[in-house]
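S.K.: Take a look at what Swiss-Prot says about it:
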type	residues	note
MOD_RES	Met1	N-acetylmethionine
CROSSLNK	Lys5	SUMO2 cross-link
CROSSLNK	Lys7	SUMO2 cross-link
REGION	37-90	region 'Disordered'
COMPBIAS	37-55	compositional bias 'Basic and acidic residues'
REGION	129-209	region 'Disordered'
MOD_RES	Ser135	phosphoserine
MOD_RES	Ser138	phosphoserine
COMPBIAS	163-172	compositional bias 'Pro residues'
MOD_RES	Thr167	phosphothreonine
MOD_RES	Ser182	phosphoserine
MOD_RES	Ser202	phosphoserine
Amino acid sequence: MFPVKVKVEKSELEMAKARNQLDAVLQCLLEKSHMDRERLDEEAGKTPSDTHNKDCSIAATGKRPSARFPHQRRKKRREMDDGLAEGGPQRSNTYVIKLFDRSVDLAQFSENTPLYPICRAWMRNSPSVRERECSPSSPLPPLPEDEEGSEVTNSKSRDVYKLPPPTPPGPPGDACRSRIPSPLQPEMQGTPDDEPSEPEPSPSTLIYRNMQRWKRIRQRWKEASHRNQLRYSESMKILREMYERQ
């Protein structure tokens, strides 16, 4: 009995590895967020007496004392305490994570928030700045269009709001699929009845014939794909000009 080899798909291993790496990154971000929150709580829990002791210790070391009068220092401490009291509930409602050297506050988004505003806030890299909420009932402003309805041109730049449609794949009324080529007809090699039939071909001969046929089929698919891409040449030209202007 021959031994049976179990082949493990490489894609499953890569998927499991990527999933483990993602879990590790999320766990690290969660732990770091807890540490940052504890540090903020410790800073918010400091009393004015701690600040006064710090001022006394600085004066004892011989450094220049603060030029403020006692009533000014008391006023400043009172303002700091009021700011901490007002900012306490706001800080407790923040959930800042850092991913690839950029931070975003996820507490400002709900479960139904689309991914685009979250990515936009992450790219801004300013967790303290909250994303402006757009009312779902407010209609979007209409896009300015010219006579053709494809683009708007001003004196400085060319703003494109709509790409031109692709050219038709074939003549009007012809329902053909431009991406799928026509099937290649099999080669029938028949022999007259009076001639003796050829012996059965060997496996290597069959493989060679099939390889030659599949090469022609693959070439037909490449040509069909190239013809289909040419239908979008105008759109590609506009996108290329937009990319080169950046």
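One-based numbering along the chain as shown.
Heads up, the Cβ atoms here are built off N, Cα and C, so glycines get one too.
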S.K.: How far is it from Ser182 (phosphoserine) to Thr167 (phosphothreonine), counting Cα to Cα, in Å?
M.R.: 20
S.K.: Could you give the Cα-Cα distance between Ser202 (phosphoserine) and the residue listed as 'phosphothreonine', in whole Å?
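M.R.: Checking the Cα atoms of Ser202 (phosphoserine) and the residue listed as 'phosphothreonine' gives a distance of 48 Å.
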S.K.: Report the member of Thr167, Ser182, Ser202 (the modified residues) whose C-beta atom has the most other C-beta atoms within 10 angstroms.
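M.R.: Its Cβ has the most other Cβ atoms within 10 Å: Thr167.
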S.K.: What is the number of residues in the compositional bias 'Pro residues' (163-172) that are helix, strand and coil, as DSSP sees it?
M.R.: 0 helix, 0 strand, 10 coil
S.K.: On the three-state reduction of DSSP, what should I expect for Ser202 (phosphoserine)?
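M.R.: Ser202 (phosphoserine) sits in coil per DSSP, no helix or strand.
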